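Scroll down for the structure; my scribbles are underneath it.
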Amino acid sequence: SCYASQVCNCSSVGLDSIPPGLTAKMTVLNLAHNRIKHIQSQDLQQAVNLRALLLQSNKICSIDEDSFQSLVKLELLDLSNNSLAHLSPLWFGCLFSLQHLHLQGNSYRDLGQSSPFSSLRNLSSLHLGNPWFSVIRQGNFEGIGLLHKLWIDGSNLSQYEQGSLKSIKEINHMIINIRDINIFSEIVRDLLHSVTWLEVRRIAFSIPAEMQVLRVISSSFAKKISLRKTLLTDATVPEIASILEDMPKLVELELVDCRLLGTGQWKMQIQAKQSQTLRVFTIKKLSIEEFYLFTDLQAVEGLLSVFTRVTVQNTKVFLVPCRISQNLRSLEYLDLSANLLGDLSLEHSACQGGWPSLQTLNLSQNSLSDLEMTSRSLSHLGNLIVLDISQNNFGEIPDVCEWPENLKYLNLSSTRIPKVTTCIPPTLEVLDVSANNLKEFELQLPLLKELYLTGNQLKTLPGAAPIPNLVALSVRRNKLNGFSKEAFESFRRMELLDASDNNFICSCEFLSFIHHEARIAQVLVGWPNKYVCDSPLAVRGAQVGTVHLSLMECHRSLVVSLICVLVFLVILLLVAIGYKYHMVWYLRMTWAWLQAKRKPKRAPPKDICYDAFVSYSENDSDWVENTMVRELEQACPPFRLCLHKRDFVPGKWIVDNIIDSIEKSHKTLFVLSEHFVQSEWCKYELDFSHFRLFDENNDAAILILLEPIQSNVIPKRFCKLRKIMNTKTYLEWPAGEEQQQMFWFNLKIALRS
């Protein structure tokens, strides 16, 4: 199905080999997560325009040397998580355009004696290594001059030849997963002047004596250091801080998902040299097992004055000591989201003199509950412009609050606010109160330019007069059901309206008004709006002037009404046709047939109770009960007859009674007359016999013609009855007594046969 497509996705389809028939039209081929073991020379010969080849998570253990020879335009090759035991330079010899190569997760132990990448002059990112990767030799990276990203998984790396990575002149981002500090130190020595961002994973800095080996890092020109999933202790933190302070160009330090054993009781005082370059410090998800015993960090106060951006996310911070806040004199950006700050602890953290230069503060996902107290605690921050206090639990908010005088952006989304009040500062230019329970918005905000009201309970647009400078409005996922021209006319400056996921009912004239008069540059009104002016495919994100409306969009009510009338007429027609052509009868017959099919063709001999089941019309009951029954049941030997009046089981469904009686009788006697073919229940009895007994080779049915019947009187649907009456002998009740004696004789013979 993807032969004619430029992008072919054959991932996770159980392929054992590369499928044949690849064409030159393909630019992307995804064969990941299959069971491919071998790549042969001819497999990819025709895919000469391939740009991306994804082969990760297969079982590839061998590749022919010229398998990739025709892929001169290939830019991405992913061979990760396979079973390659070695890497051959011949694989990559013709991949002159290759930019991204992923080789991690295989089983090779080294990269060979020379460089497998020497011909990859345009290589931008290289990912290699695995749990068995143990040796890096000099010359393994020859031919690579510049890399945007180099990722080495060397968790069990045990041998590194000095100078192996020195041939790479510039690496923007180096990621190394390593455990051996001595090997790590040797690698860093080769990267002192080439790496801009060094990211170290899964290393343990736990022994102070080992830190001397890392002194070489202090000479590195790296601008950013990241420690991810790293172990730190109280004993090694001061040593690491001392090393990082000496780095001449270090701007940013990042700790992600690390673990600290200790409580901040440093065994030696950290000397406050105040790095001249370090400005950004980020901590995300730092695990401190005894965080509640952590000290006030007095030892590092002197290091803090240079930071301009600090992020401490998801680290169980419940308090920032006042002295720490006061020492963050240059801080412009502070992110304390996803922590445990409460109203009282925030008041202490944002003490007088703390964070004097702060412009952006993120306190989302904390334990704040009093908006008045929160605003008062931050009111002295004269430079604060952006404040995010979303995903807290404020609930009801007061009418009066004290805010920073220059606050322009406020995020109060998901804070369970039932109603906005004049507590909201009038200085705002951007306000986000999404995902609350607001039913109205009537604030006077003369400077407001952007308003986000997504996910509330609004039924009407906010008034335009109190917010005359509004440029962008988002009212997605509310309960808006209409606009008035007057409401829209006042939003003369608006450039963007996102009103999707509502229940609008308006006219096409309204959309025309938006286009020609209201000057709104972009209207987003998309599915699932019940919006007469909305075309879900054409309107969402489209310029209003480009929208062309269909009859359905302009006259939805009329079209829906016409469809309902047509559906009703079709149903009425089907009912009439069904009645005329006995559709109900056919449905009943199908159900009865299915019931009968579940039972055996004939009952076992021991279950046969009657010589014959008699099927007759109620209008013929006098002849049946007073003449035929008396003659047969008083014969010698007597016949046992099954009559519905006498032998049907009371309370049992009549259809089951009919089927059981036919099955438990040797024969079935049909007393035919014009009354019989008009009787509804006689039809059923005849129907079940029709299904189970009327076979040209079956004589279980005996027909008695009580009176002459015209052929056209018999219902046409009983075609087999017509055929049997035309091809087999039936007994006809005679008028004379002499003929009647012969009739009884023949009938008894038939019953005993």
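Every residue, even glycine, has its Cβ placed from backbone N, Cα and C.
According to TrEMBL, Cys401 forms a disulfide bond with Cys423, chosen from Cys351, Cys423. Per TrEMBL, the cysteine from Cys258, Cys322 that shares a disulfide bond with Cys351 is Cys322. Across the disulfide-bonded residues listed here (Cys8, Cys322, Cys351, Cys401, Cys423), the residue whose Cβ sits among the most other Cβ atoms within 10 Å is Cys8. Cα to Cα, Cys401 (disulfide bond) and Cys351 (disulfide bond) are separated by 18 Å. Cys322 (disulfide bond) is 59 Å away from Cys8 (disulfide bond) when you measure Cα to Cα.
Cys423 (disulfide bond) sits 27 Å from Cys322 (disulfide bond), taking the CA atoms of both as reference points.
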